[in-house]
């Protein structure tokens, strides 16, 4: 396709009332072709050296860039931080006004620039060299000025921008992002990052919660449990059944061993089948003696999966210890409220 705009783009009309679906499809296919050009022509040896350099870095890996490349640099830095790798974004402008003081000789500074001739980055180079950091340029046009002054250069092959004028950085930033994020995952694998370590870096997100939170962290405890004895009359336990927000009664003996469960669904079915006879029925006569249960040290995510498993989903799980003593209840509503 060279440097010519995609032939299916009509640039003669400045205003169009609707999006042509065929043109939209062609755009996505063209972007796919441009990305394929990047994958097919990327120098793996350069990429390997770059990745190994980051892996071996004893200090902090800083990223910098201007404009759209700066946003990509920030994102990649944040990805590394989420993987437990010391990283940060250094604004080239702020660096020249004092922020460069954060750099140490053991640090690495990665410069993202499509052209490799970004003025702000070129001004930063001699200052960074004075701090004796290792400089890496990641560019898509060659030759360029950064290539001649950095310790390591990585070329990201770019056929052209998807923009019909070949100006708006929409393909170049896409390949920068793909390159940086793929390298980040390579570093993740090389460092043998475990699911637990990854979760520890995301404690407030769903990822972290699903890998960190245990049933004991999200369950209701004894004082909030809807409990009753098997000899209690069903009609005498309606307040307990409806007031605790669990949709069930947990049937226990004198030592708090779990004997079964009685749900609001059981109440409806019993009323339909027994009519006025329900006034004489005890909870023990109608309860489920083999409910699904879970232990307090199970992962909360496993509790969610167990609730949704066949033959039919349930809304709660009694939490019992190794001696079948009731210690809590975990509900679907509680798990969802916890962000799981």
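Glycine too: its Cβ is placed from the backbone N, Cα and C atoms.
Residues annotated as domain 'SIS' in TrEMBL: 50-193. For 219-281, 287-340, the entry in TrEMBL reads domain 'CBS'. Here TrEMBL flags 68, 120, 161, 202 as site 'Catalytically relevant'.
Overlay of TrEMBL annotations on the structure.
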residue: 68; record: site 'Catalytically relevant'; Cβ contacts under 8 Å, 6 or more apart: 169, 172, 173
residue: 120; record: site 'Catalytically relevant'; Cβ contacts under 8 Å, 6 or more apart: 66, 92, 93, 96
residue: 161; record: site 'Catalytically relevant'; Cβ contacts under 8 Å, 6 or more apart: 34, 167, 168, 169, 170, 171, 172
residue: 202; record: site 'Catalytically relevant'; Cβ contacts under 8 Å, 6 or more apart: 82, 208
*Could you count the residues of the domain 'CBS' (287-340) that DSSP puts in helix, in strand and in coil?*
15 helix, 15 strand, 24 coil
*asked:* Taking only the residues in the domain 'SIS' (50-193), give me the average pLDDT of this model.
replied: 97
